[in-house]
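What Swiss-Prot says about this one:
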type	residues	note
ACT_SITE	His48	active site
ACT_SITE	Asp89	active site
BINDING	Tyr27, Gly29, Gly31, Asp49	Ca(2+) binding site
DISULFID	Cys26-Cys114	disulfide bond
DISULFID	Cys28-Cys45	disulfide bond
DISULFID	Cys44-Cys95	disulfide bond
DISULFID	Cys50-Cys121	disulfide bond
DISULFID	Cys51-Cys88	disulfide bond
DISULFID	Cys58-Cys82	disulfide bond
DISULFID	Cys76-Cys86	disulfide bond
Amino acid sequence: DLWQWGQMILKETGKIPFSYYGAYGCYCGWGGRGGKPKAGTDRCCYVHDCCYGKLTSCPKTDDRYSYSRLDLTIVCGEDDPCKELCECDKKIAVCFRENLGTYNKKYRYHLKSCKKADKPC
């Protein structure tokens, strides 16, 4: 669910996810806006959108799943029916951490060059 997703991102990046990533680039934020992702951070959101689109179980973003942290690693519950959803959220949290250096404030609330046509997954 959104709270769990937010907690993963906060623990990985130290950033408050909804204010930091909520309206960033072409893909970060509810639903994405399409076009070419803006650098690494926005690419994380693009990949996350694609991951959600490929879910075969628990396709809803409000479904809860089990996960823990082992040392500094996110571990999704092995037998959880929503493990795929957890793995998508884990990937974006780790991607955001790995791409903290690509975050550019000029892409906050950036809609100008976002096209309607999505880049195919």
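Heads up, the Cβ atoms here are built off N, Cα and C, so glycines get one too.
Computed from a predicted structure; not experimentally measured.
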According to DSSP, folded down to helix, strand and coil, what is Cys76 (disulfide bond)? strand
Provide, as an integer number of angstrom, the distance between the C-alpha atoms of Cys26 (disulfide bond) and Cys50 (disulfide bond). 14
Spacing of the two Cα atoms, Cys51 (disulfide bond) and Asp89 (active site), in whole angstrom, works out to 9
Any idea what the Cα distance is from Cys86 (disulfide bond) over to His48 (active site), rounded to a whole Å? 11
To the nearest Å, how far is the Cα of Cys114 (disulfide bond) from the Cα of Asp89 (active site)? 24
Tell me, in order along the sequence, which recorded positions from Cys45, His48, Cys50, Cys121 have their CA within 10 Å of Gly29 (Ca(2+) binding site). Cys45
Out of Cys58, Cys76, Cys82, Cys88, Cys95, give those disulfide-bonded residues positioned within 10 angstroms of Asp49 (Ca(2+) binding site), comparing C-alpha atoms, in sequence order. Cys88
